[in-house]
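Data block below; observations after.
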Amino acid sequence: MENGYAKYRVAVIGSGNWGSVASRLIASNTAKLPSFYDEVRMWVFEEMLPTGKKLSESINQENENCKYLPGIKLGSNVIADPDLESAVKDANMLVFVTPHQFVEGICKKLVGKLRPGAEAISLIKGMEIAVEKFSEATIGYRKDKEAATRWAKLFTTPYFLVSVVEDIEGVELCGTLKNVVAIAAGLVDGLDMGNNTKAAIMRIGLREMRAFSKLLFPSVRDNTFFESCGVADLITTCLGGRNRRVAEAFARNGGKRSFDELEAEMLHGQKLQGVSTAREVYEVLTYRGWQELFPLLSTVHEICIGQLPPTSIVEYSEHTPNLSIIGDPHSDSQAQYCQWNQKLEDLDDELRGLILVVVWLLGGRVLDLGGYCGCINFTD
Ligand SMILES: NC(=O)C1=CN([C@@H]2O[C@H](COP(=O)(O)OP(=O)(O)OC[C@H]3O[C@@H](n4cnc5c(N)ncnc54)[C@H](O)[C@@H]3O)[C@@H](O)[C@H]2O)C=CC1
Ligand SMILES: O=C(CO)COP(=O)(O)O
C-alpha cells in the first residue's frame, strides 16, 4: 500500500495523436504491472465523425482512434469516455495530454472532482512510438523522486526509454520552446535554404531555449538540454514534426496563407502548438524587455503574425550583440563579462544578489542567472 492506495488507477485526459499513443503505451504496462489497475480511462473531446458516429463510440467499438491514430489498436483495456468527470473520478494518476490551449478550461472543470492525493503528469514529449520504433522521453520532477520513478515505470517499455530529471521547469520549457524553433526550421525548409542553414537555426534555437529557460528559472540545469527532452526532441521536431511541416507550407506560400488556414487544411483536427507558444513567449519577452536577447524566438512570432516576411528568419543575426552573453558566458568575445561573472560566482548568493540589485539601480543591465552565473552588461 503506497500513499494510502492499494493500487494505482490511471486516467488519460486527451485523445489526440499523442494522447492515443500514450494511452496505448500506459495500458500495455498497467495490464502487466500488479500495482496498477488494468483499465485506463481516456477522456475524449467528443467529435462527430463523417460516418455520423461519435468518436468515443468508434474508439470503444474498434479499439482504435480512427481520426487521430488510425490503424493502431489501443489495447482492450483502454476505455474512451467523453464525460470528463466520470473519466477521472476513480483515478489517482492523471495524465494530461491535450493541446495546451485547452488545459485551463479542462482544469477549471476538474476543480473539486479529483480524488484526494491524486498525482498528475503533463506530457510534452513523444515520437513515432505507436509503431514501436525505439524512442525515449524525459520526466521532470521536483524533490519527489519516488513519484517520478513510479511515473517512469508506467511509461517505460523496451522500445520507449524514460529517464527522470530533477528539473521540472527545464523539462517543461524544452518541450514548449522547441516547437517555436521547429517553426523556424520549417520556414528554412520552405525557403529551400538547405541543411547548413537549418542546422544553424537549430543550434541558435537550442541556445535561446536554454538562455530563456535559465533567465526565467535560474534553477534550470544545462544538462537537461542534453536529455531526450532537449536536443533529441528538438532534432526530431525540426526534421519531421507538424510545426515544421506547416511552417514550410507557410514559407512556400510567401506568408500569404495564415497558419490557422494551413493548420486546418493540413492537420485535419490535430493542433499546432508552436504558433501560439511563439506568441506567449513574445509576450514574456516584450514584458521583460528581452526581445533583442532572443532574436530567433521574437522573429518567429513576428513572421507568424505577418509583421515580417518568412525570409526574415535568416536576417536577424546582425542585431544580436547580446545573445552570447547569455547563451555562452565563456566565449572569448565576451571576456569582460566573464571576468565579472566569475567574480560574481565566487561570492555567496546574498552578496551577489545585493551587487546585482545595486548595478541595476545604477542603470546597468543585469541578468541574474542564479548559481550558473550572474551577468552584468554595462555597455548596452
Ligand atoms: N503528437 C505528438 O507526437 C506529440 C504531442 N505532444 C503534445 O501533446 C499535446 C496533445 O497533442 P496530441 O495528442 O498530438 O493532439 P492532436 O493535435 O493530435 O489532437 C488535437 C486534440 O485536441 C482535441 N480538441 C479539439 N478541440 C478541443 C477542445 N475545445 N477542448 C479539448 N480538446 C479539444 C481534439 O479532439 C484532439 O484530441 C500537445 O500539447 C502536443 O504538443 C507531445 C509529444 C508528442
Ligand atoms: O509537440 C509536439 C511534440 O512534442 C508535436 O509537435 P510536432 O509534431 O511539430 O513535432
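Note that the numbers count up from 1, one per residue, in the order the chain is shown.
Backbone N, Cα and C atoms are what each Cβ position is placed from, and that goes for glycine too.
Taken from TrEMBL, the feature active site, proton acceptor applies to K178. According to TrEMBL, the NAD(+) binding site annotation covers G14, S15, G16, N17, W18, G19, F45, F102, R242, K271, Q273. The feature substrate binding site is assigned by TrEMBL to K125, R242, N243. What TrEMBL lists as domain 'Glycerol-3-phosphate dehydrogenase NAD-dependent N-terminal' is 10-134. Taken from TrEMBL, the feature domain 'Glycerol-3-phosphate dehydrogenase NAD-dependent C-terminal' covers 167-315.
In the three-state DSSP scheme, Q273 (NAD(+) binding site) falls into the coil class. The number of other CB atoms found within 10 A of the CB of R242 (NAD(+) binding site), across every protein chain shown, is 20.
Of all Cβ atoms in the protein chains displayed, 20 besides its own lie within 10 Å of the Cβ of G16 (NAD(+) binding site).
Every protein chain shown contributes to the tally, and the Cβ of W18 (NAD(+) binding site) ends up with 22 other Cβ atoms within 10 Å. Contacts of Q273 (NAD(+) binding site) defined by a Cβ separation under 8 A and a same-chain sequence distance of 6+ are given as P99, H100, T176, N179, N243, in order along the sequence.
W18 (NAD(+) binding site) sits 16 Å from K178 (active site, proton acceptor), taking the CA atoms of both as reference points.
Proximity of the binding-site residues (G16, R242, Q273) to ligand 2: a Cβ under 6 Å from the molecule is found for R242, Q273.
Looking only at other Cβ atoms within 10 Å, the busiest spot among the recorded positions K178, N243 turns out to be K178. Across the fold, the C-alpha of G16 (NAD(+) binding site) and the C-alpha of the residue listed as 'active site, proton acceptor' stand 20 Å from each other. With respect to ligand 1, the recorded positions K178, R242, N243, Q273 contribute Q273 as residues with a C-beta closer than 6 angstroms to one of its atoms, given in sequence order. The Cβ of F45 (NAD(+) binding site) lies under 8 Å from the Cβ of G14, S15, P82, T98, F102, each of these being in the same chain and 6 or more residues away along the sequence.
DSSP assigns F45 (NAD(+) binding site) to coil in the three-state reduction, outside any helix or strand.
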